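A.B. asks: Quick one: this structure, given as structure tokens, is what I'll be asking you about.
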Amino acid sequence: MNPNQKIITIGSISIAIGIISLILQIGNIISIWASHSIQTGSQNHTGICNQRIITYENSTWVNQTYVNINNTNVVAGKDKTSMTLAGNSSLCPIRGWAIYTKDNSIRIGSKGDVFVIREPFISCSHLECRTFFLTQGALLNDKHSNGTVKDRSPYRALMSCPLGEAPSPYNSRFESVAWSASACHDGLGWLTIGISGPDNGAVAVLKYNGIITETIKSWKKRILRTQESECVCMNGSCFTIMTDGPSNGAASYRIFKIEKGRVTKSIELDAPNYHYEECSCYPDTGTVMCVCRDNWHGSNRPWVSFNQNLDYQIGYICSGVFGDNPRPKDGEGSCNPVTVDGADGVKGFSYRYGNGVWIGRTKSNRLRKGFEMIWDPNGWTDTDSDFSMKQDIVAMTDWSGYSGSFVQHPELTGLDCMRPCFWVELVRGLPRENTTIWTSGSSISFCGVNSDTANWSWPDGAELPFTIDK
């Protein structure tokens, strides 16, 4: 073979090898593309961790979590059929209260994006519990937090976030424009009640599964307001209480029965010497029990209980262990309003067990500071101040605020009874801490257990002032 032939042969072999290599590379690219397409399919999931997809169809909640690991989608599915919450169970027997959640939102908000809020509360479906709150349309440590001590403004909204998490724009769900609110789940969907508008013409907007279903106009034109805690659902019906009228005298109080977001019945309480505001309600053996705030003239708490036909009974907690703030020192109680230090008040709660009562209250008689739970074995009906158990929740030196009840249904817990729980708002900032320009709060929650519990203090713990305050 002469030199020219050798050169031609070597060149031909090189070209052939190059073509084969190119074909292999093209095949490799096609293979990678096809493999990726098969993995992602029509779902078109991005690489976001813990993306939650909730689909509602044929009365079944399908809850799936997609976790992307090395381009491989692992799907953990859990189907839970919707069910109407019966609400017929009695309260679980308990010996004390176990710490359930603490969101530390003020501490986190000094550096992170956390909403300025007040009036947080908790409500549970048969699948989950959520924290609801009234935001001020502002973030902590930001200029729009200035002046958020104001209760009613067009910037306030009811929102919710996963239980125990600090409420932020990244984990919160909008529910309703509102400066007074309530929410509850009937086993099929969320009912939300959001009140907004001027003092002399506010309107309550009812939503069911996020869709407006009805409105209720202020009937006295004097600051229509509702519970600031969960409403109660039983056998497909949900119940709430609203107040319209003076905060320092006799007002108008109505109970509403609501089905799938629509009012099916309402009554006005005949209670001329009573004052009901910001009621904390819970189901117990097929009835609804509400323990409320008397802002007019009672340092003990008024109550109203009613059945599903709205037949009702009213009274005041008789115990000499007084539950409101401000209040006198414990002493002789009354089954009528205890008028000593009876003006003003704070949202609170109690749980009735026969003739006994668990009373939640601030430790201070004058300031919204500290919190404790007291068991008075005869306090629902007797007027003495004897009690048999006290559990410390927040120390006297630390700020508290509103408190309220919520329950966990047997459909959630698997128990054969209704688990009683409560939350406490830990308010910081104005008007008491005047080194700040804002008012907001974090929250803690506890649930009743028939086992050992701890006495301690779980305060807010944020160091004030913030950068925006200086």
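The chain as shown is numbered from 1 upward.
Note that Cβ sites are derived from N, Cα and C of the backbone, with glycine treated the same way.
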A.B. asks: Among Cys417, Cys447, which cysteine does Swiss-Prot link to Cys421 through a disulfide?
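C.D. replies: Candidates were Cys417, Cys447; Swiss-Prot matches Cys421 with Cys447.
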A.B. asks: Tell me, from Cys231, Cys238, which cysteine Swiss-Prot puts in a disulphide with Cys233.
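C.D. replies: Recorded disulfide partner of Cys233 in Swiss-Prot: Cys238.
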A.B. asks: For the Ca(2+) site, Swiss-Prot lists Asp294, Gly298; sort out which one of Asp270, Asp324, Asp330 goes with them.
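C.D. replies: Checking Asp270, Asp324, Asp330 against Swiss-Prot: the Ca(2+) site match is Asp324.
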A.B. asks: Please report the number of other Cβ atoms within 10 Å of the Cβ of Cys124 (disulfide bond).
C.D. replies: 22
A.B. asks: For Ca(2+), what surrounds Asp294, Gly298, Asp324 with a Cβ no more than 8 Å from their Cβ centroid?
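C.D. replies: Neighbours found: His275, Arg293, Asn295, Trp296, His297, Ser299, Asn300, Arg301, Pro302, Tyr316, Gly323, Pro337, Val338, Gly342, Gly345.
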A.B. asks: If you count the C-beta atoms lying within 10 Å of each candidate's C-beta, which of the disulfide-bonded residues Cys92, Cys231, Cys279 ends up with the smallest number?
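C.D. replies: Least crowded of the disulfide-bonded residues Cys92, Cys231, Cys279, by Cβ count within 10 Å, is Cys92.
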A.B. asks: Whole-number answer please: how many Å between the C-alpha atoms of Cys129 (disulfide bond) and Asp324 (Ca(2+) binding site)?
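C.D. replies: It is 27 Å, counting Cα to Cα.
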A.B. asks: Take the Cβ of Cys292 (disulfide bond) and count every other Cβ within 10 Å, whichever protein chain it belongs to.
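C.D. replies: There are 29 such Cβ atoms around Cys292 (disulfide bond).
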A.B. asks: With Cβ-Cβ distance below 8 Å and at least 6 positions apart along the chain, what are the contacts of Asn88 (N-linked glycosylation site)? List them in sequence order.
C.D. replies: Met234, Asn235, Pro283, Thr285, Gly286
A.B. asks: In the structure shown, which of the recorded positions Asp151, Asp294, Asp324 has the fewest Cβ neighbours within 10 Å?
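C.D. replies: Candidates: the recorded positions Asp151, Asp294, Asp324. Fewest Cβ atoms within 10 Å: Asp151.
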